[in-house]
């Protein structure tokens with residue numbers, strides 16, 4: 001017998017093997033987000049080795065982050081074509097190859113290619129499939145699952161910051177890159193945990209017996225005669241417009257470009273593109289800033305660990321709060337507040353002139369950073385739904401990669417120009433406060449418009465005049481179809497003859 005949900009994808013189990021998937025996503029997302037930040041430990045030494053400026057060395061992390069986000073559509077297409085498991089495993093292999101190759105680089109340009117492009121592309125193949133897989137396994141508990149998976153980033157950063165400093169002291173930056181390349185191969189193990197939830201099954205048509213089967217054969221024969229008639233246009237003579245339409249349909253199978261007509265999606269996209277102009281630069285320059293004001297290397301690396309520990313607690317806690325009945329219906333407001341709070345921390349950072357002040361800044365920054373990251377994909381799925389989420393992630397990440405690419409180099413340029421880090425923090429804070437304010441105002445407008453549309457739809461359904469109009473139209477259509485057409489004229493004449501016989505004429 002056919003399955004009960006024939007033709008539909010299986011519903012999310014909200015548990016079971018899904019928690020194993022969350023653990024795999026914890027590892028993959030952790031490396032994707034934390035690895036570019038952890039490399040900042042080596043920047044000062046690589047800068048001295050190659051004799052480059054702050055802005056030039058900042059391009060390493062910037063290119064890696066931009067590639068991770070910019071390759072989002074490619075990752076989405078591969079996931080739709082092959083599934084999440086092989087894509088993540090291939091991404092882990094690319095990460096290892098990129099970092100091992102970087103250990104033999106002899107110029108900063110080669111580092112851009114190996115660390116920036118190759119490793120960044122491998123991380124992109126880890127990030128999007130992990131988020132997509134959580135959306136397939138969870139529905140009711142999705143904010144909590146996303147919060148736990150996103151906690152992988154602070155856990156990895158908390159581990160990588162002191163580990164990178166230890167590796168550098170014992171093996172140098174080249175030996176450290178070799179070891180880190182081997183560590184990144186664990187992404188292949190994480191990808192192996194992404195067991196497919198199940199493919200949608202095609203509905204099985206019930207067997208047709210007796211006359212129904214003969215009617216079916218007749219219908220197939222008539223269709224074949226119609227297809228062979230000269231009035232039909234052959235396939236070879238299709239116009240160029242039809243071919244272009246077919247091409248667009250094939251592209252839309254993997255990326256849904258109709259999302260650009262979605263009001264909520266456009267608001268999210270504009271706000272996030274603006275936000276990422278100042279999102280990653282402070283964390284990239286935090287350790288170099290501490291070294292600049294005279295703090296030793298291990299204490300500077302410990303600032304990233306403090307940030308990561310607070311971030312580690314903030315992400316699951318934010319997921320629990322976002323899943324509550326008070327916050328989830330208006331989760332976009334909570335997301336807007338988190339971005340503005342993040343920017344406020346950066347604006348106050350120049351007031352921290354000593355190590356104690358930087359510890360306080362790191363703690364508040366970790367809290368704000370965790371709040372934003374925990375809701376980054378949850379708010380997008382809340383807007384577009386799980387069915388269109390794969391395409392939405394790909395389109396959002398490729399739009400965000402431009403500002404991610406420019407953010408850290410612009411911060412490095414400000415440091416080179418003024419010789420002070422405070423202007424970089426002020427720039428990042430102002431941009432993020434502006435992005436949070438924009439999202440808050442536009443989300444208020446979006447919620448108001450959604451309420452009006454829902455009210456109109458409800459009024460249309462309850463209006464008896466509209467219901468009567470629909471029923472009248474249906475009755476008129478039935479009457480028209482019941483009238484005798486040209487093909488039924490012989491039956492009409494025969495009926496008239498029977499009437500005359502019955503009247504005795």
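Indices start at 1 and increase along the chain as displayed.
Note: Cβ is positioned from N, Cα and C throughout, glycine not excepted.
Summarising the annotation, TrEMBL assigns transmembrane segment to 16-36 (among others).
Under the heading domain 'Major facilitator superfamily (MFS) profile', TrEMBL lists 18-447.
Only residues 6 or more beyond the boundaries of the transmembrane segment (57-78), in the same chain, are considered here, and those with a CB under 8 A from a CB of the stretch are 32, 35-37, 39-40, 43, 46-47, 50, 87, 91, 108, 111-112, 115-117, 119-121, 123-125, 127-129, 132, 254-255, 276, 280-281, 284-285, 390-391, 393-398, 400-402, 404-409, 411-412. Feature annotation from TrEMBL assigns transmembrane segment to 57-78 (among others).
Residues or ranges marked as transmembrane segment in TrEMBL: 90-123 (among others).
Sequence-distant neighbours of the transmembrane segment (144-163) (same chain, 6+ residues past either end, Cβ-Cβ under 8 Å): 18, 22, 25-35, 37-38, 41, 130-131, 134, 137-138, 287, 298, 301-302, 304-305, 307-312, 314-320, 322-323, 366, 370, 373-374, 376-378. TrEMBL lists 144-163 (among others) with the feature transmembrane segment.
Annotated transmembrane segment per TrEMBL: 175-194 (among others), in sequence order.
Residues or ranges marked as transmembrane segment by TrEMBL: 265-286 (among others).
Under the heading transmembrane segment, TrEMBL lists 298-321 (among others).
Annotation source TrEMBL lists transmembrane segment at 333-353 (among others).
For 359-377 (among others), the entry in TrEMBL reads transmembrane segment.
Among the features that TrEMBL reports, transmembrane segment is placed at 389-411 (among others).
Residues or ranges marked as transmembrane segment in TrEMBL: 423-447 (among others).
Taken from TrEMBL, the feature region 'Disordered' covers 456-505.
TrEMBL lists 459-473 (among others) with the feature compositional bias 'Basic and acidic residues'.
Here TrEMBL flags 492-505 (among others) as compositional bias 'Basic and acidic residues'.
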Across 16-36, 333-353, 423-447, the most C-beta pairs under 8 Å with the transmembrane segment (265-286) come from 423-447
Best-packed against the transmembrane segment (333-353), counting Cβ pairs under 8 Å over 16-36, 90-123, 298-321, 389-411, 423-447, is stretch 423-447
Across the domain 'Major facilitator superfamily (MFS) profile' (18-447), the model's average pLDDT, rounded to a whole number, is 79
